[in-house]
Each structure stands twice: as structure tokens, then as C-alpha cells.
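S.K.: Sharing the feature lines straight out of TrEMBL:
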- A:209-228: transmembrane segment (TRANSMEM)
- A:249-278: transmembrane segment (TRANSMEM)
- A:341-363: transmembrane segment (TRANSMEM)
- A:433-455: transmembrane segment (TRANSMEM)
- A:470-490: transmembrane segment (TRANSMEM)
- A:502-521: transmembrane segment (TRANSMEM)
- A:529-635: domain 'TMC' (DOMAIN)
- A:591-616: transmembrane segment (TRANSMEM)
- A:637-662: transmembrane segment (TRANSMEM)
- A:711-729: transmembrane segment (TRANSMEM)
């Protein structure tokens, strides 16, 4: 228990010895105060400037030496230094910027200034009113009501008054940021300035009381939802043992689950449930064997799972005669339901909702992880933000300490290496290794793609008898096998090449999927109801992906741990490979998005799969794994994953679905769009029907004709989007420049401070000598 | 903590108490500075270490935690103590000293040889992981 050094001092501070300020008499002096000097006067700017430069150089060289001296001199008395030195330090320690961390009064006045600045941002005082010699940064302050001389109670009431004048949202944000204790924040929030003001503000609240009640109810509901977080304890267990990095995988899984649940609910309510209520007349399906769960053919073919089941007519149309004649005309609400239109718009709406949610998540991740500014300061950042406070178990804490130690050693070695660069043969060797690794990676990718192409060609020419449906599983098996083995291969390459790029693995999967999409679209010549065939293919892919994930978990983690423990007798356990697992999730989600148009229940399958995956992965993690030893920036990698999910995965699926809707001819014999030229014609047909029935709304057809299909309008829109992006890039660039300039200014202020201290010391010395 | 039992054995309790900064956290958040906390101090601590606390507030308290001698600066000795606690004294003294010098060189903006609160906050702004690591899940 004694390892943590208790500091003896309480809250009081004592200025510590800072030898950098210990300089013998400087050569620069102020002539005005003592007539016995012959040094340059302040009017002689050139000489003053050069002597200033000399002083800075002196100071800098002394600072470098002083840091080593400080270690040795720490316990020595201060008597041998400049006699006015302790006073100088005391004055320095009482500077406003230095007292912030110390007293409540200082904190309150700082936040008073900040809120006053917020209020006055729009109305700056004119420069004529203020003293010309006041520094520009001070001109914004109200120098009359300077709170530095007020008592603590006055300062508190001033701050409360300032807070009241802010808008409520800003007020609560400023209060959240003030580093005071909770009861003080509570008292600040409850303070009211004058009773008159209170009476005035009571009236508007009376009028919009119901609005505030609504807001209270909604926030209560959201709080309940937030409190009843699923898997809260499981996530806490995981983060306690393995840290934020492994936690990011499970949070990503939760995000994907949310996306799929929303898609599923939309499709359920608007498409699936209604079709289930009015089933079309089909021939009796073949009996259910267990193989359908894997292959998706057989009794599943003519079911709600696939596109082919959905009718192309208006459901529950009172004018049409239904074969069963079961609907009783006495029921009140019997609205006809246009199934093709509903199908197309629901798929579009689910894609749109997913897009909005994805962009919102990306925006949030970017906010947290991207910072405008330079990329230096890696070691400082590592030391201050490397310790993960979530980790609580003793063994994990020990591992974390070892990880941090390794990372620090690596960083220091890297910095040492940077100071002495590699020799030419070493650099050549490094470059050849990189080139070789790249060539290998590219070669394997191309090889996989070509192999899958030829294999799928072969599979499509083979026709399957009804009893041999297992053969259909061969293609998904090969693709999943490749997807599982490739990441291990890339891990080996990365270990050899000493570089890390998790994005390389996703390119294999995306390229293979792209090839398969092309093949599916060309399959329409073979299969009669080609959408159902494509849907079945995708269903098989999803199921195979799940099975292979299970196998990978079993072999990669469980078996490996048993081998390590029993055969090799080592204490190390297999590591949880975050990148590979996340990329598997992204691959599975891409399959789902590709298949939504052809198999509307595929999101439900994906929801089930993700639920099972959570529990299986968690169990395997707890039993078999240890936390990863590579440094892992959790928030940066979360941003990378969400971006990978959006950019190749979601956009690719959206492009594929849009192409199918816009250009592909639907099959003639099945599905809700049979008989049309393209799926996109459905709303056009509907609008024409509306025009026929009611000529007054002919203007409604103006929208698709002149807005959606007009190329000029689309060019205009994309021009606006590009202009906004360009504007934002310029703003960012300007902000970066401002940050550089401000950093220079801060460094200059530090130099100014040293200069002034020197001046004070020299004046003091001269006074002592002249006196 | 756990929701399946109410009595912890000493070994189980030990397994939960291994944060190297636990003493400093207790000192920073206690009113009297000696590590004993009232209920309000306890609430303050978990409010700052929760997910919703803004970055500047967390940076302020993190600065106080890493300032071992309570002089409102993180000087080289504070940094050395921090590094030793992080790595459990596994690094050699030369490496520790080199690391601390590099940190001061990188983060000290006004060149006084130590990190003030503003230097620390400026550096933490560039650390995207800080919000997720300076966080205790309840």
C-alpha cells in the first residue's frame, strides 16, 4: 500500500525553486531609474532589440542546463540565489493565470470572465472608450467591474448573474464545465438575481407549460430507455477485463444490431405483415427438411423470405374478386394496399434511414476523434491518456502496465532512430520488404478473385437435382473460407513487414463481393425467377458466414488456448483479434444490405445472427482470450470502422440496389414488379393512375419529371454539395493556421515574462547598489 | 461492482483495487485533501469520471491527479512519478528521464520547464482517446 507517494503538503502551495531564472546580473538595464548607468535607453530601439535577443539566448542556454541542475539542487537552500528571488516567485505565483487551479475565487472569476465574453461576443466595446495602452486581449473585458477585488460571495453572485443572461442551453453547458463541487453548482443554478425578474419570467412559462411537460415526459422516456440498456453489465465486465479496445468491437456489434432492427421493423410493418395477412395462392410447398435452414431452397422458396412470394397486385382491393371470398363487407376500414409501391418505397426508406443513422454515427465519431492541429506530442499524449481507468482486474491491470511499458520503449526507440536515420543498405532492405509484401498481398487478392470467378461459373452451369441441394453450399463455403484465411495471412505479412493496415483485408472481401454481384445480375438468363435465386444465394452466404465465424472462434480461440496450455505449457492465451472480427461483421452486414431487395426477411436473419454472435463471442472471450498487446487507439479505430462500414460497404450495396431498381428488368413470372420494364416504373405508373382518377393533381407529376430526372437539377445539387465541402476544407485550413500563430504567440509571451523578470531583478540590483 | 453477492472476500476486493492512481484520485476529490470523501465528494468523483463529463472538466481533474506535489504545475518529478506508476518501475531511470524531458519539450508552450493547466489542456485536446480512457463504468 505504500507504493503511492503521499504528498505532505495540503492545499497550500509554496513556490518552488526554478533555477532557470537564476541568472547573474544581466547586461541590459533600464536607464531611467538610476542615473549612474550607461546602458541603452528604452528609446534606442535597435540596441534594445539586440540586447533582448542576447538575453533570450542566454536564457535558453541556461534553461537547458538548469533542468539537469534542478535534479541535483532540489534540496539546497535558496539563499545563494538572487535575494529578491523569493519575492519574484511569490508575485509570479499570484498571477491570475496561475491561481486558476488553486482557489474557488479564482475559478469563479475565470468563469465570470468567460461568460461575460460569451455575452459580449456580438457587441465589442469601441476602441475609443478604452485606454489606448491596454492590450488588445484586455479590451474586451469590462475593466470597471473587475471581480479581482470583490469578496467571494460577490464573485458568486456576479457569476450567477452572468449565467442567467445566457440562453438556457449554453447556461447548462457552461455549468457542466465549471470545476466546482456539485453543491456549489446546484446553488449557482438555483440563484435568482432579483424578484422583479422572477415575476417577469414566470408569465411565459405559464403559457407554454404543456410544452415543457411534453419535453419532461420525452426526456423521462429517453432516460428510461437509456437506463434499461441491454447488456450493460456484460459490457462492463468486458471493459473491466479487457479495456476499451475490445469493448469497441462489442459496441460496434450493438450499433449494427440497431441498424438491422430498424430495417426489419420498417419492412415488417409495411411489407411482410400485410403480405402474410393476404397470402397468394401457391402450390403446396415441399415438406420441411432441416437442410432448408442452410440452403434456403425447398420449402423456403415460396415463402415470405424471398421476393418471389410478394404479389404485384393491390391487396384487399374491394373491386377485385378474391378467390376465397372470405373478407366480410361489413368491416369498416378496408383500405386497398398497393403492394408493389409499398415494397419499393419501404426498401428505399430503410436504406435512407440507415444512411442517415450511419452519417450521424460517423459525425459523432469524427467529433470525438479528429482534432485540427499538429501531430506532434505523441509521447505526452501517450503518457497522459494511455491508462484505461475502466480496467479493474488485477491481472488485466498488470497486462496494461506491461503494454504501456512496451509502447513507451518503442516510442523512445523510434525517436532515437529518427535522430539517427537509417543507412542506405538498411533503407533499401526496408523498401524491398515493403514492395514484396505489397506484391504478395495484391497477388493473393487477384488470385482469390479469379478463383472465385471460375468456380462460380462452374457452379452455375451445374444444375441441381431436388435431392442434392447441398451442392449449392459449395460457393458460399469457398468464399467464407477465403474470407477467414486471408486475414490470418495478412497478419503474418504485417508481422513480417512491421506495418499495420486493417483496411487491406476488407478489400479482398469487397472485391469478391463485387465480382459476385456482377455474376448475379448476369444470372437472369439462367434462373426463371432470378430475384429469388439471388436472394437464396445471399441467404446461403449469410448462413455460411455465421457458421464460419463460429468455426473460427472455436478453432482460433478455444483450440489454440488448449494447445498453448496443454502442449506448449505456456501461460499466454490467444489474443482477441479486433480487426479481423470487426471486418467479419462488416462483411456480414454488406451481405444483408445487398440482399434486402431480394429477401425482405434477411435483416431478421441478421438480427438473430448478431444476437447469437454477441453471446458466443463474449463467452469465448472470457474463457479463452487475453487483451491485445498492440497499441490500439479505441476512438480512432471506431471512426475507421464506421467509415469502412459506410464507404465501401453501405455505398456499394446502395449502388447495387439502385442499379437493380433503375435498369434491370424484373422477372416476368414472380414478384411484385412482374410485367414492368424496370422497378423504377412503379411510382410512375401510380402517378399516372392518380392523374387519370383526378385531373386536378396533374401538377404532382411535375415533380419526378422536372426534379428527379432532370440532369440540370442534379448537376446543380452536386455543385452545391461540392461547394460546401470546399468551403469546409478552407475553413479547416484557416483554423490550422490560426492555431500555429497562436502557439507562436504563447511562446512569445513566455519569453516576454522571462524578460520582464530579468528587468525587475536588474532594477532591484541597481537600487541596492545605488542606495 | 458485482450483482450476485453482497460480501466480498479480501482477495476479490483486492482484484478491484489495482488502479495505480487510486490514492491520488481519492486525494484530489476529497475536501480535506487526505483521501477521506464525503458523499458529495464521492458524487463529484463519479460525475467527473462518467461518460457525460465534458473534456475540459476531465482535463482539469486529470491535471490535479497527475500533479503529485499540488503546486499547480506538472514538473519533471511529477512526470517521473507518473511514468513509474504507469509502468510499475519497469523502465530504467535513463529511459524515464528521457521520456519526461521529451514530454516537457512537446507539451510546454511557454517554455518555463513545467506544464501548467493550459499546457495540459491544450495537449489533451489533441488526444482523442482521453475521453474514453478517463472514464469509469459504474
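Note that Cβ sites are derived from N, Cα and C of the backbone, with glycine treated the same way.
No curator has checked TrEMBL annotations; they are predicted automatically.
Keep in mind that this is a model prediction, so the values were computed, not measured.
Thinking about packing and proximity, how do these listed features fit into the structure?
M.R.: For the transmembrane segment (A:470-490), the list of distant contacts is 291, 294-295, 297, 441, 444, 448, 451-452, 455-456, 459, 462, 464, 504-505, 508-509, 512, 516, 536-537, 540-541, 543-545, 547-548, 551-552, 577, 579-580, 583-584, 587: same-chain residues at least six beyond its ends, Cβ to Cβ under 8 Å.
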S.K.: Same chain, outside the transmembrane segment (A:341-363) by at least 6, Cβ under 8 Å from its Cβ: which residues?
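M.R.: Beyond its ends, the transmembrane segment (A:341-363) has Cβ neighbours at 255, 258-259, 262-263, 266-267, 270-271, 274, 310, 593, 596-597, 600, 603, 639, 642-643, 645-646, 650, 654, 657, 661, 672-673, 679, 682-683, 686.
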S.K.: Would you kindly list the residues that approach the transmembrane segment (A:433-455) from elsewhere in its chain, counting only those six or more residues past its ends and only Cβ-Cβ distances under 8 Å?
M.R.: 474-475, 478-479, 482, 486, 489-490, 493, 496-497, 499, 504, 507-508, 511-512, 515-516, 519
S.K.: Report yes or no: does the transmembrane segment (A:249-278) come within contact of the transmembrane segment (A:637-662), defined as 3 or more CB pairs under 8 Å with a sequence separation of 6 or more?
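M.R.: Per Cβ check, the transmembrane segment (A:249-278) touches the transmembrane segment (A:637-662).
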S.K.: State the non-local partners of the transmembrane segment (A:637-662) in its own chain: residues 6+ outside its ends, Cβ under 8 Å from one of its Cβ atoms.
M.R.: 245, 248, 251-252, 255-256, 344, 347, 351, 354-355, 358-359, 361-362, 365-366, 368-370, 502-503, 506-507, 510, 513-514, 517, 521, 578, 582-583, 586, 589-590, 593-594, 596-597, 678-680
S.K.: Would you mind listing the long-range same-chain contacts of the transmembrane segment (A:591-616), meaning Cβ under 8 Å and 6+ residues beyond its ends?
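M.R.: Here the qualifying positions are 231, 250, 253, 256-257, 260-261, 263-264, 267-268, 271-272, 304-307, 310, 343, 347, 350-351, 354, 513, 517, 531-532, 534-536, 538-539, 541-543, 545-546, 549-550, 553, 649-650, 653-654, 656-657, 660-661.
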S.K.: Could you count the residues of the domain 'TMC' (A:529-635) that DSSP puts in helix, in strand and in coil?
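M.R.: For that range the per-state counts are 81 helix, 2 strand, 24 coil.
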